[in-house]
Amino acid sequence: MLAMEHFTSSGVVASSKRTVMEPDIMHCPHNGTSQNPTSASLNMTLGIIFNVVALIILVKAYNRFRRRSKATFLLFASSLVATDLAGHVVSGALVLRRYTASSKNNYSLKGDPANPDSPCQFLGGCLVFFGLCPLFLGCAMAAERCLGVTRPLLHARLVTTARTKIALSMIWFLALCVALLPFFHLGDYTYQYPWTWCFIRVMNNTTSTDLAFVMLFSGLAFSSLTLAFVCNTISGMTLIRARMRQKSSSQRFSARSHDTEMVVQLVGIMVTSCICWSPLLVFGLMSATHFYLTSHQSVEVTCMYSKLMMTGVRMATWNQILDPWVYILLRRAILRKIYRITKKQVSFRGSTFRSVRWDAGSLQKPEKKC
């Protein structure tokens, strides 16, 4: 979800509310945005490349493990990466289209928060939809792995490819229903500072439905992250206990290596989602609550909350770029290489430390005899 620049056909903002808000913009430093499309193009290109590479890796792995327990996880993971890729393509196309229109017509005005147009409504819906989908999918993947690690027989009986596809459809449908709520007058999408991107109305004329919509969006997102954390913790503790029993009984469980790889990837997804999405969720709740309870705001307070929201959405956009690296870097082959390198470094340092101690002891012995 990249920022989209909106330009009017007449070059003049007609709304009186926008005129009232203009001093706030002028008093906020760095209120302008560059019209150079290089940054938006680079961001979109990197996201597409990383997601395509990760998708190729996952598809090859899915074809290799089609009839094993890992196939369900890979189907979820491929769907998550494909969703991130679609978010980049759709939002990026809107960004480049607006930048192209700007360069041809030389318009410099941005979107009007008092009168959001259809592209703004669409972009706001995309931000909600493509924001909830990865969080829902990460939660579903964590729950599926938790069941597979703790109750493998029950997992083999309940979890099938057909049921997984049904679960994916339900996840996408739920996220779509939430994103479409403003079209049924349950909340509203509007331009956000610096009026180049759209999200739920959290500032200026915030209504009870806007506050309820923000609370619903943030509540679903935080619930998904919390459930994913609980499931990943249970899976991790189960694998650690199995590893300790393996060492004590001198047995080998080759299947556990696949489970460890998947749990490590899930933890990576969860940490990335928490870091990228938590600021926007928290700042959105703070802004909506504050502006709903207080009618008149000073310029300083408005600028502060506006910049917090802008920082939050910038961090959220990196989730779609960082998610693919979880599957690219945290694969079993790469994890093994990291483990071997780390083990060699530790053994090398240990042998060096022992040799230094031996040399020091040999130097001290003649001094004692003297």
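Numbering starts at 1 and runs along the chain as it is shown here.
Backbone N, Cα and C atoms are what each Cβ position is placed from, and that goes for glycine too.
Those TrEMBL annotations? Automatic predictions, nothing curated.
The shown structure was predicted, so the numbers you read here are calculated from the model rather than taken from an experiment.
Copied from TrEMBL, the annotated features are:
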TRANSMEM  40-59  transmembrane segment
DOMAIN    50-327  domain 'G-protein coupled receptors family 1 profile'
TRANSMEM  71-96  transmembrane segment
TRANSMEM  122-143  transmembrane segment
TRANSMEM  164-184  transmembrane segment
TRANSMEM  211-242  transmembrane segment
TRANSMEM  263-288  transmembrane segment
TRANSMEM  308-330  transmembrane segment
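Counting residues 6+ beyond its ends, the transmembrane segment (211-242) has Cβ neighbours under 8 Å at 128, 131-132, 135-136, 138-139, 141-143, 145-146, 149-150, 178, 181-182, 186-188, 200, 202, 253, 256, 259-260, 263, 266-267, 269-270, 273-274, 277-278, 281-282, 284-285, 288-289, 292 in the same chain.
Model confidence over the domain 'G-protein coupled receptors family 1 profile' (50-327) is summarised by a mean pLDDT of 82.
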